[in-house]
Every structure is written in C-alpha cells, then in structure tokens.
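Please read the structure below before turning to the comments.
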Amino acid sequence: MAKNVVVIGAQWGDEGKGKIVDWLAEEAGGVVRFQGGHNAGHTLVVGGKKTILRLIPSGILHESLDCFIGSGVVVSPEALLGEIDELNAAGVKNVEGRLKIAPTCPLILPYHIALDQAREASRGKGKIGTTGRGIGPAYEDKVARRAIRAADLLHPEKLREKLDAVLAYYNVQLQHLHNAEPVKAEDVMAVIEKVAPRIAPMITDVSRVLNEKNKNGEKLLFEGAQGALLDIDYGTYPFVTSSNCLAGAASAGAGVGPQMLDYVLGIVKAYTTRVGSGPFPTELFDEVGAGLAERGHEFGSVTGRARRCGWFDAAALKRSIQINGISGMCITKLDVMDGVETINICVGYELPDGGKTDILPCGSDAVETCKPIYETMEGWKESTFGIKNYEELPDNAKAYLKRIEEVCGAPVAIVSTGPDREETIVLHHPFA
C-alpha cells in the first residue's frame, strides 16, 4: 500500500493550500477534493503564471495526473464547467478526460443561490458572511435527503420529478419568508440540460477508483478546503462553513477507509487571517495589521473580500492540531513577516472568570470573550523571500519557527517563502 497525505487548512482558511497541493502532486497518482464547494479559491503560481481553482483539485496542472471530486463536495455544474473552460483556454491538456466526479455529489442549482442570497440579505447586521454561492442550502438538502445529485443528470425524467418537489419547498421560503422572486422549474431545467452532456462523462465511482489506485501502490493526495477553525462542528459556530473541514472528513468525503490516511499536513500562515464575521482574538487594527494585509495581498481570490489580519495564534492552532491529528505543519507566507520589528505570538487566553487556557475554546460565544496572552519575540529585517534552504533563513526567523513548534506541539515540515511552487523549504517530505 502506498503512503497517502491529507492537506488541510489549520486556521480560518486562506492559508495557501493550493500551492502546497500543487507541489506535492508531483509525487501523487491522484488528487482528491473531499469537501466544500466553489466558495473559496486555491491560488497556484507556476513559473510566475497564476491560476485560481475553486472546485477542481489543485493537481490538475500536472498534465498526466487524475483528479477527483468526492461525494463530500457540493458541485455547481456551471462553476465547474466555467473553471474547465478557463483551464482549457490556458492550455492545460485533457482536463475533462482526467477529472472524475462522484455520482453522489450534491449539485448546487439556481434555487440554492437564490435562497442563500435572500437569507443573507434578510439578516441585516446579523450576517454570517456567506459567499452567497449556494453552498449552505446545498448541504442542507443533502442532510434533509432532498438533494439532486450528479447521478441524477443521467436520468432527466426522474430528475424533473425531484426538482418539482424541491422547488415547492424553496419557493415557499423565497416568497413568504424573504419576499423574493420564486425560481421556475423551466429555468433550472434549462441549466441542467445545458450542463448535463459535458458533466455526465466525468461521473465515476470515485471511491472504487481511489481504493484501486491505492491497492496498486499509487500515492493519493487529499485536498481540503477552507480551514479547521471554520469546521461546522469544531469551528467558531455559527461563523463557520457548512461542511466538515477536518482531516477525518477525507475518509467519508472521498470514500476511503481511515486507515488510508497516513500523514496529515496542516497548512499554517505565519500570521493569522480571517474573512467575514466571527471572533478573532489576535486581530490587529493598527499599522502592523495593515502592513501584513498589504504585503500578503490579503484579499479573497474568489470573493475579493479583504481579510482581517492578526498575530500568530498558537492557542487556536493547538486546537486544530488536536482535532486533525496533524503530523506536520507547513508554514506559509513567512516572507510577509520580513521587517516586522517586534512579533507577538498568542500562547493562551485570559477568560472572563480570571482563569487562563492554552487552547481555543469551542464556539464563537466562548471565543468572543477570550483576551490573548502574548509572548514577544524580535523580528528580522533580512528578506526571506524565495529562500529554499533552511540554514539560509535569518536566525530570528528560525527562532520564530522553533517557538511555534514548541508552543503548538507539532513539527514544522515545510516552509513556504513565496507564491511560486519552487519557493519552498522542505524539512520533512510528507510522502517520505
């Protein structure tokens, strides 16, 4: 049996997973997305050329590599085909021939988007920060057992029956709860009839293929989306996404046994960011935070939304390491910290009752009341951009990485010093 690696975001998303998955994909026989939708982008830079992927696994740029979308992913057919067309236009070869979609993937259709946006508009100041792309309602349908799934595209007559029943449910909410326009079945069917001929050939028993590949000695790479602190169960609920973002979700979301998950690589930014609403104990509102945002280009690759920036939160990461079983960390954007004179690391929190904790509490209400406890370290003036050898890093940068290891309790396996695939320091290869 080959060794397999799960890559997950260990913070609130946007940690730089795409680059690392693309880099690791050189040694993989297949790359699998196992949860999430097209609500977050994975940015890859190869030879200075930028590619943003939302649904398609980040291994697709390796032109002999098979890529898979597992049943834990909610798929927008229109977004998927748009992404395929972008890759085709960029000269990536045989995308549709190498991309396989599980028949059990729930589809995101126009009524999901309509309800998602209507709900967020109705919340007023209580917005939870949804991207409005229908992700949440699609997951609701999955759990409520009314989802239209990829396999339904193969049976249009039965699909129409399911659609009529689903729209009866959705249109009541749209019209009577949110004062919004109803969605017409004919409009949804027009979308389905347009996308089905292209998507149908990609529908494959992903679970079976992955298990066969592993049995034949091929390495598999499981690619997570969002971040562990946005997990529906363990994140800062309700300011979370609608899926399980943890490493363990790779098993159910891809259709493989947990014994096939050999190494968990947690992607960790050298500082902390968060998009949208929700508690953020180490958030900075000063020039340091603004500088991190500017140097780190902290804007969402899909949404364009500005990211909130703060000091490294080791107490939050400790929770992530615990719930994911992280084997090693990849520290990204170390170069963004260049020139920060004094660096703070959050090592715990003061609680309202006067107590202290060294790990992130569960749920947003508890996190909202936390006051960060900081350790202070000297920064470094030298540039770390593009460094590929650990020994060439400034002493203070190495001390920073070492302290992160000590406080969090997990080793640093990889350090990313720039956006390009090659701008990477390897201390321990996850596939080794």
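The backbone N, Cα and C atoms fix where each Cβ goes, and this holds for glycine too.
Residues ASP14, GLU15, GLY16, LYS17, ASN39, ALA40, GLY41, HIS42, ARG145, GLN226, THR241, ARG305 are given by Swiss-Prot as IMP binders; from THR130, THR131, that same site also lists THR131.
Within 10 Å of ARG307 (substrate binding site), counting CA to CA, the recorded positions ASP14, LYS19, ASN39, HIS42, GLN226 contribute ASP14. Neighbours of GLN226 (IMP binding site) among the recorded positions GLY13, ASP14, LYS19, GLY41, THR43, GLY304, defined as a Cα within 10 Å of its Cα, are GLY13, ASP14, GLY41.
Listed in sequence order, THR43, ILE267, LYS269, CYS330, THR332, LYS333, SER416 are the same-chain residues six or more apart from GLY16 (GTP binding site) with CB atoms under 8 A from its CB. Closest to LEU334 (GTP binding site) in space, going by CA atoms and restricting to the recorded positions GLY41, HIS42, GLY304, ARG305, is HIS42.
Restricting the recorded positions ASP14, LYS19, ALA306, THR417 to those with a CA within 10 Å of the CA of GLY41 (Mg(2+) binding site) leaves ASP14, listed by sequence position.
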